[in-house]
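Take a look at the structure set out below.
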């Protein structure tokens, strides 16, 4: 039994390593990601927004292709893109002061580069790349940036106005030219690949990592790219038996809407004969509950708690900005990735709040539900901030505020403690940590930290981010102010990094298997529901996957070895591909049988020269080469495996 677990872990770890080294691709991955002729993709223009805001600002591949277009066609457009890239780098750069000052100086030098600086160049080279910016905007920006070079911490919004105006300039003529170019046709080809059907053959499956509410969660790998994911199965009969169709579809739709580095992402959704499948971000580092009670019993240090609390706060801020209420914050729902960053997972209880109207419903986990949920009152985003308070308390103290781990106590008693008892603080809490938890665990929602401001739902996170626990240093605990911009960009080094050779999950045989569901039959109405669920790739995660695994860089070629534009981007290229005119290259057996037929015919002619009576050659098959090739391949029993 132990051998089975060792084998499962070894295969899984090897797959993880190959995926990280870009070696997990199938040998035939290029066949799977083969572009069609661009004319086949033109109908997709009616299905997407052909705007700068959508194609360039929201689509990762669209942004790269637009920058390639600008670099290849117009020096002014290219310099605009360079300016935008440098500003984005500046706004998310290290907050140590000097690096930002140096970067600010390099951006200012771009604004100083007027035509007279290069009198020997051509007219195009001398064109002032930012001529669309007024002298006032440029001078104000340069003055502010020059003064910032002497500040300890330069402001992050120095270039906000020229950045906005540069984007506005690129939205007009440059983007219109891009939309008529082969670079946009290539974007449509990527979108065509993105929209292809997904099924179980798209992935390789590995060991079971855990159990969900309706099925197993296992590791999987995309054959075409080698990227690893977590596959969450929802058994169809189990979902139907519990009348959880709406709940399952709700989780899938919310995951599809959210694109946050602090919330697990949905990359694919498809169905098999027995299950609905969600392909999610793989978090190899385990959950906070495992680390808190198995690796660090007694609690984390405040520096580590601050890091996790900050990333969780950003995750909730992203959810709240989409009007999504999470409602199930607890250590087992916070997962660590390979590098130690955390994400919120399991959005099964999440719900959309419409028109900012409070909702009602007793959902959540005992000991983590806010008092208003326990009292069955109406509630809003404040219940999530209560959950953050419970989580911070547990990470510091090593136990939950209203229930100790494995304590045998009735649900009613835990709910009474939540409603009436005041949590107790030990010497483990600094003053800042204590005031933060007390503010988050206030029994009255109107006085709770994160709920005191009247404004947008995401403004509650700003109130928490301004707390001294996140914005002041503490020499005793080693806590430092959180560089929020840097953290949002994922550039803060986590205080703990999981071991890449470890599997932070139960042994395979220790994970209980689901019993067989009996007495449930699937019918036509279920098929309609599955159609809503089975939507294939999710756009942004899929494009990011293509970029991260270098599939984009390897396939995104515009010219062949002879310097000609690729056939699939040429108007006449559709006639160059044999597959488009109904023929295909003869297979091995087709060529072999044809060769045998020719040899027999030649031998008959040779016999006639010897005086032997002439025989009629065998009748030539009327089948087309494509049919012969297809039948020959079928006879051989070969199947295309990607």
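Using the three backbone atoms N, Cα and C, a Cβ is placed for every residue, glycine included.
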ATP site partner of 209, 210, 211, 212, 213, 214, 215, 216, 217 (as recorded in Swiss-Prot), chosen from 191, 232, 236: 232
Residue, out of the binding-site residues 209, 211, 213, 215, 217, whose Cβ gathers the largest set of other Cβ atoms within 10 Å: 209
The region 'N-terminal' (1-202) [mean pLDDT, rounded to integer]: 84
Integer Å distance between the CA atoms belonging to residue 328 (active site, proton acceptor) and residue 209 (ATP binding site): 21
Closest of 211, 213, 215 to residue 328 (active site, proton acceptor), Cα positions, binding-site residues only: 213
Other CB atoms, at most 10 A from the CB of residue 328 (active site, proton acceptor): 22
Environment of 209, 210, 211, 212, 213, 214, 215, 216, 217, 232, the listed ATP site - residues of the same chain whose CB lies within 8 A of the CB centroid: 233
Three-class DSSP secondary structure - residue 213 (ATP binding site): coil
